[in-house]
Amino acid sequence: QSCMSLQWHTGAEPIQAAGRVPGWAVRGKGRVLIPLTPQEEATCPSASVEAFLNSTLTTRLLPTLYSVILLVGLPANALACWVLVTNFRRCSSTLFLLNLASADLLFVLLLPFKISYHFLGNHWLFGEYLCRTMVAFFYGNMYSSILFFTCIGLERYISVVHPFLWKGSSWTRCKAGICVGIWLVVGLGMSPLLFHPQTSHISSLNITTCHDVLGKNEHMFLVYYFLSLVGLGFGLPFVLMTISYSCILARLLAKGRRYRQVVRILALVLLVFILCFTPSNVLLFIHYMLEATGCNNITYMLYTLALVFGAFNNCFDPFIYFYVSRDFRDWVRGTGICCLGRLETLVERASGKGALPLRSSEQSQL
């Protein structure tokens, strides 16, 4: 088995050199404890897991970025939920937006635990079960957001390409059923994370990690689980969303300058989707593909960075709602809030008096 020396990340490394139990190593993404023979200890040295757990990346940069997400995402998503709820009866197409905002709000409410974990040197103080809950919500937010974005794209496709296919209360009930189905699918998909241990005690550092170092018995399960999760939770929705938005953009561009602003809005939504979710899922897939072959790799360090930047979608989403939703602008106009009023003015100047409706029976939502 070939070995690679990693600067920040753990490869196949003897724990004895790190002050741990002889004959064990942390390899791959710094999360799998695998027993090594004495011969392997001598022939496969690499950088220590302490370097990664004590690095500025994990103890300063990551928690700082998550703190920014918390400070922006919490009030923004709470406000988004409130506006969408109060305007729900006016436009049934707010249903997907409301569920997306709710998923984002649940995510940011758990961020203080993750922030404290990293600021304390990757030391988890809150017990095994809360660690499992946080990990499940972390991944659940990403994949529920992907699915709700996909539903929004498919709904826009139907509204533009087949405007009379579904209308009225039957379509609203169908969307409600889809939302319930998404929450059930995401809950079932995240349930393995709730039933597998997520904490590990690192005696040499006197810390307990959450999801960063996992036992040998979890190795193959994680490989198959995350490869399946990326394929079904990201790959398939990505294809559907790309196709649906491409069809919408082609149809609207063919209609000329009248729909140019709508085209820009849809392109913006697709761009945010690609930038926030593609890097982390691609790196996660590459990492576990390499894990399956037994090769050490440094993708976990890159993945942690991609994951935190992907979490910024929780900050972007409320402003996308404001940009594309007439309900949001009507609410701002009615409340007279100064700062948001200025934002409304800028948006309307840029968009030419707001987004154009994409279906005749409803106000523009996305």
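Cβ atoms here come from the backbone N, Cα and C positions, even for glycine.
The feature transmembrane segment is assigned by TrEMBL to 65-85 (among others).
Mean predicted confidence for the domain 'G-protein coupled receptors family 1 profile' (76-321): the pLDDT average there is 83. Here TrEMBL flags 76-321 as domain 'G-protein coupled receptors family 1 profile'.
The feature transmembrane segment is assigned by TrEMBL to 97-115 (among others). Outside the transmembrane segment (97-115), and at least 6 residues removed from its termini, the chain residues within Cβ reach (under 8 Å) are 63, 66-67, 69-70, 73-74, 77-78, 80-81, 84-85, 88, 126, 130, 133-134, 137-138, 140-141, 144-145, 148-149, 152, 179, 182-183, 311, 313-314, 317-318, 321, 325, 365-366.
Residues within less than 8 Å, Cβ to Cβ, of Cys210 (disulfide bond) and separated from it by at least 6 positions along the same chain comprise Tyr117, Asn122, Trp124, Cys131, Met134, Val135, Gln198, Thr199. In this structure, Cys210 (disulfide bond) is part of a beta strand by DSSP. Among the features that TrEMBL reports, disulfide bond is placed at Cys131-Cys210.
For 135-155 (among others), the entry in TrEMBL reads transmembrane segment. Outside the transmembrane segment (135-155) by six or more residues, the chain places 93, 96-97, 99-100, 103-104, 106-107, 110, 114, 175, 178-179, 182-183, 185-187, 189-191, 193-194, 198, 210-211, 229, 233-234, 237-238, 240-241, 244-245, 248, 269-270, 273, 277, 280, 310-311, 313-314, 317, 366 with a CB less than 8 A from a CB of the stretch.
Per TrEMBL, transmembrane segment is recorded for 176-195 (among others).
For the transmembrane segment (222-253), the residues of the chain that approach it from at least six positions outside its boundaries are 31-32, 139, 142-143, 146-147, 149-150, 153-154, 156-157, 160-161, 189, 192, 214, 259, 262-263, 266-267, 269-270, 273, 277-278, 281, 284-285, 288-289, 291-292, judged by C-beta separation under 8 angstroms. Per TrEMBL, transmembrane segment is recorded for 222-253 (among others).
Annotation source TrEMBL lists transmembrane segment at 265-288 (among others). If one looks beyond the transmembrane segment (265-288) by at least 6 residues along the same chain, the residues whose Cβ comes under 8 Å of a Cβ in the stretch are 28-29, 142, 145-146, 149, 152-153, 156, 222-223, 226-227, 230-231, 234-235, 238, 241-242, 245, 248-249, 252, 297, 299-300, 302-303, 306-307, 309-310, 312-313, 316-317, 320, 323-324, 351, 355, 366.
Under the heading transmembrane segment, TrEMBL lists 300-324 (among others).
In this view, Cys131 (disulfide bond) is surrounded by 23 other Cβ atoms within 10 Å of its Cβ, with every protein chain counted. According to its DSSP assignment, Cys131 (disulfide bond) is helical.
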